[in-house]
Each structure stands twice: as C-alpha cells, then as structure tokens.
Amino acid sequence: MTSRELYTSSYKKIFGDWGRSSSLLYTTNSSSSTRSQSYRPREAYTSNISSYRKVSRSPGHLSSAQDHFDLSQSTALSNELKIVRTNEKEQLQGLNDRFVTYIEKVHHLEQQNKLLESEVTLLRQKHSEPSRLSHIYEQEIRELRSKLEEQEQDKDQAQLDYEHLGACLEQLKLKLEQESARREEAEDVMKNYRKDLDQATLNRLQLEKKVESLLDEIAFLRKVHEEEIAELQASVQEAQISVEMDVVSKPDLTAALKEIRMQYEVLSARNQQSSEEWYQAKIANVSLEASRNNDSVRQAKEEITEYRRQLQARTLEIDALRSANESLERQLQEAEDRSNEEMSHLQDTIGQLDNALRTTKEEMARHLREYQDLLNVKMALDIEIAAYRKLLEGEETRLTSVGGGSMFGIGYPFSSGSYSGGRSSTTSTISIRKEEKKESPEGGKGGSSGQPKTSKPGDQEKISQKAAAN
C-alpha cells in the first residue's frame, strides 16, 4: 500500500464523504478545483459544530458536567470554550486549506518522482551501453595497436633486409668492378698475346721463307758442289790419263794427284758435313721456335678461352644478381607501399575509434551530469516530501494533543454523528499516520532503487522553514 493510498484513506476517515470528492479533485492538478474544494471543509466544519453542539447539549453530558463543575465555572468554561472553538475553527480552516495544498504537492511530487525514476532507469541503461561499447572499442584499439606494432616490426625487418641487400649489392658492385678490371687486364693481355702471336706468325713465316731459301741455297750448293766434284773428277780423270801417258816420264805426278784428290775429298766432305750440320741446326732452331710459338699460342688461346668462360660466368652472375636486386627492390617497394597503406588505414581507424571514444565519453559525461542533476532534484524533492510529512504529522499531533476529544468533534466529521464515532475515526487516523511514519524510510529506500536518500539536517530545517512560511 503506497503513501498516497494511506493519505487518501486517512483523509476519508477524517473528513468523510467530502474528502472523496476532494481527493478526486486533487488529481486534476488545477487551481480552480483546489479553490472550490477549499470551501467544502468549511461547510462540513459548520455541520460538525452543530452536531457537536447537539451532542454537547445531550442530557448525559450535562449531567456529567454538573457533577464536576459548578455553574460559575461552567459559564466561564463555556465562554472560554467558545473562544477556543472560534480560534480552532479559524486554525482548522487554514490547516484544511494548507492540508489540501500539501496533498496536491505530495501527489505532484510523487508523479515527478516516478518520472525521475523512469528517467534514471533509462539513463542507467544508456550508461551501461556506452561502457560496453567503450570496452569493445578499447579491445579493438588494442588489437589494432598490436597489428600496428607487428607492421612496424615487419617494416623494421624489411628495412634491415633492405640494408643487408644494399650491402650485398655494394659487394657485388665491388666484385663487378674488380671482375671488370680483371677482364680489361685479360683483354690487354690477350691483345698482347695476339700481338705476340702475330709476331710469332710473322717470324714463323720469315723463318719458313728463310728455310726455303736455305734449302734452295743448299740445293744450289749441292748442285754446285756436284758440278765441282764432276769437274774435279773429270779433271782427275784427265789428269790420270795424262799421268798414265806420262807415267814413265813423270812418276811423282800420280802421287801428287792422289794427294790433291784426297785433299779435295776431305774438303768436300768437310764442307758437306758443315753445311748439313748448319742446315740441321737451322732446322732445329726453326722447329724449336715454331714449337715454342705454338705452345705460347696454344697457352694464350687456352687463357683466352678460360677468360672468356669466366667473363661469361661473371656476366651471367651479374645479370642474375641485377635481376635479383631489381626483384628485391620491387618487393621492398611493394612492402613499403603496402605497409604505408596499412599504416594510413590503421591511423584512420584509430582516429575514428578515438573520435567515437571521445564522443562516447562526452555523452557519458553528459548523461552522468544529467543523472547527477536528476539525483539532486530527486533528493531535494524527497527532502521536501519528508518535510511536508513532518509538518502534517506535527499538525496532526498538535491537533490531537491540544483539543482532546472536543477538538475531534469540532474539526472532523463523525461517521455516525456521535462523539464516540469521531473519537474512533481520529484514533484510526492517528494509528495510520504512525504506520506511515514507520514505513516512510523503508518506502523511500525501496523507491529510490539505489539512489541517495540522505540529506543534511540543515537542508531539511531550511526546507521545513520555507514550507512553514508558505
């Protein structure tokens, strides 16, 4: 059972039938209905006074009054009672008007409290959703940062590979220069060998010509020698014939001819041997020079072939290294472009996520500010409601303690038109108010759903003073 129902039930018990119509008018929240309703308690009040007078003039009550008071005291008490009744009538009229206003304010504040609770629930739901989104964004940002670190590591590794390939390329360029220098040296040596080969070929041709001329000369000399021998033989034969003819007369000529012939034979043999030795020596020298030149030419040809083979191998190796270098440079460029593109994409994604996170944080801060404002408003409303309740309870306590049984008969309508009925309704109203007072902290805790309900005593006193001034 809510506090509003308690207020309505207690109000019905106190004010009777006109309280039912006034409670219906309170829900409309209009000033005209409040003003028109404020006059009904006055009519009820006058009817209550008349009923109280009827009850007070009953014989049972007059007999009990004559037992306790004398006539003079009863006259003074009746005058004082009239004055007190007049004052109480005015006070009760003002209190009824204020009570109606307080009831309206309480109903309005309860409606606002419900609206604020619904708004707080929505804000809590919205607050939980951005926290979940921020958690997702932070996780995605961590993943992207890890990917970015991996890309940076890959980039550093690619940079190291690029530097290593650059060093290898420099070494290959140095080797290429060295091999080019060696090739030039080999070409120079080959040119020198070619010159030597040409010179050796010329020498060989000259020697061959010289050999041919020497062979011709040898043949000529042989021919001359043979002719000389033939002439000598002919001359010897003639000399023999002449010697034979003159043998008797000249006995020493034969011996002389023999001696001359022997000398010529020795001379011709010596000349033939020397010419043959010279010819053989020349042939041997020419053959040696030719073989020597052939060996040098063959060695030069072999060296040229080896240099050509090495040059071709180095050229192929240089071409392969150039193609590998170009491929690596192209791969490195593609990797750099890809890493730059991924870096830019990751930077854009990080920027978008940062913007979304910033927007979410701003929205969360705005919701928290609104939530704090609503909490402050709700706390102020709770404090004001508590102050109004304390004022109402204080008024009820004061009214019940000041007037006693006579005040209940004056201030509130009786259910059966008798004093005992007014007393029972007043007692039930007081008990209901006490129960509301006991249950009000628990109801405030249950309706706040975890929101702060406590307030400073100074604030409550200020609010109660303002309410009393109003």
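Note that Cβ sites are derived from N, Cα and C of the backbone, with glycine treated the same way.
Taken verbatim from Swiss-Prot:
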- 1-91: region 'Head' (REGION)
- 88-399: domain 'IF rod' (DOMAIN)
- 91-123: region 'Coil 1A' (REGION)
- 121-136: region 'Linker 1' (REGION)
- 137-232: region 'Coil 1B' (REGION)
- 233-251: region 'Linker 12' (REGION)
- 252-270: region 'Coil 2A' (REGION)
- 271-279: region 'Linker 2' (REGION)
- 280-395: region 'Coil 2B' (REGION)
- 396-470: region 'Tail' (REGION)
- 414-470: region 'Disordered' (REGION)
- 414-431: compositional bias 'Low complexity' (COMPBIAS)
- 432-442: compositional bias 'Basic and acidic residues' (COMPBIAS)
Quiz item: To the region 'Coil 1A' (91-123), which of 137-232, 271-279, 280-395 is linked by the most Cβ pairs under 8 Å?
Solution: 280-395
Practice problem: Tell me the residue counts in helix, strand and coil for the region 'Coil 1B' (137-232), as DSSP assigns them. | Solution: 96 helix, 0 strand, 0 coil
Self-check item: Beyond the flanks of the region 'Linker 2' (271-279) by at least 6 residues, Cβ under 8 Å
Solution: 214-215, 218, 221, 225
Quiz item: For the region 'Linker 2' (271-279), what are the DSSP-based totals of helix, strand and coil residues?
Solution: 9 helix, 0 strand, 0 coil
Quiz item: How does the model score the region 'Tail' (396-470) in terms of mean pLDDT?
Solution: 46
